[in-house]
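Q: Handing you a structure now.
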Amino acid sequence: MIRSVVLGCGSYLPERILTNSELAKKVDTSDEWIVQRTGIQQRHIAGEGEFTSHLAIKAAKAALANAGIDAQSIDLIVLATSTPDQTFPATAVAVQNALGITHGAAFDLQAVCSGFIFAMTTADSLLRTGAGKRALVIGAETFSRILDWTDRGTCVLFGDGAGAVVLEAQEGAGTTADRGVLTTHLRSDGRHKEKLYVDGGPSSTQTVGYLRMEGREVFKHAVGMITDVIVDAFAATGASAETIDWFVPHQANKRIIDASAQKLHIAPQKVVLTVDRHGNTSAASIPLALSVAVNDGRIKKGDLVLLEAMGGGFTWGSALVRW
Ligand code: UT7
């Protein structure tokens, strides 16, 4: 059977770092509160004139370099974002154009913080049907642009950044010893659509709007939803907390990550954590964390890597990948 094998990954973070102490000068918060409740110490903020596409292009180029392949061999770009440069065209075509690619397809996908898992699943499905041979899967966000910087309940949580992976369709034996995406599980439940949303949009208000969240409500559902789709991934493959090498969760809140890992009996040393340095970068958080763990030598070829995310919608999902 065809497997979507990871050839490389890369990421980009804007230069400007915003610390908790700096934030405490703008809104009624403290470094202590933010660290205790979320694990976040700092986040990166895109510069003036620096758009989601700019971050995505840099991450894509880094992923291509890491894979050691030419951009011209890419025939599919799936870009997950909730903060596109414009309502349309898709930010993915700006990336495609910057890479000088004029063949194949490029499109955006929107599933908020679960966007990367949804994009990876979509790319994997298309590669396995033969619709493409090599895909760039990108998560890129500039959430700083949709934050209400007077709302301490949300503005301390998010940051900007982008990450990308290159997938290639390769023949596999059809066992879990294969390299590549082994299983993916996606879920959505629109009954929760008002718990985390943006209060604007082209069709409703003709404005961009600001992020609104009932943090406690999101928190309440997060661990259960995350662990459900991971149990599904384990059931589909026979993998377990013991057999996975790395757990790379969406980075929203250290308390959610710790509680999910604990519930699943995943050893703390297998958990890749970047929320302290990146904050919640929505669809970019997983490929950013993957890049960190690949670059520092933790994730190696052949390792079994478990990914998960949960976010606005609600949407949630998991992916099990042999690197
Ligand atoms: O990417 C996926 C989507 N997002 C998430 O996964 C986020 C999920 N939610 C969370 O991570 C947490 O709910 C938060 C970090 C947002 C909040 O933590 P919490 O422990 O649920 O706190 P809370 O909302 O229950 O608020 C506790 C107190 C409140 O004060 P009172 O009512 O107890 O007097 C808040 O007003 O903390 C107050 N508070 C703050 N204090 C200082 C809220 N935000 C802040 C702040 N600094 N930034």
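Using the three backbone atoms N, Cα and C, a Cβ is placed for every residue, glycine included.
All annotation found in TrEMBL is predicted automatically rather than curated by experts.
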Q: For the feature region 'ACP-binding' as recorded in TrEMBL, pick the matching range from 46-50, 141-145, 171-175, 251-255.
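A: From TrEMBL, the annotated region 'ACP-binding' range turns out to be 251-255.
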Q: Cα of C113 (active site) to Cα of H250 (active site): how many Å, rounded?
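A: For C113 (active site) versus H250 (active site), the Cα atoms are 7 Å apart.
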Q: Which residues, given as numbers and ranges, are at least 6 beyond the ends of the region 'ACP-binding' (251-255) yet have a Cβ under 8 Å from it?
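A: That would be 37-40, 113, 157, 219, 222, 273-276, 278-281, 285-286, 288-289, 310-311.
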Q: Fill in the CA-CA distance, N280 (active site) to H250 (active site), as an integer in Å.
A: 8
Q: Once the DSSP letters are reduced so that anything not helix or strand counts as coil, what is H250 (active site)?
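A: SS state of H250 (active site) = coil.
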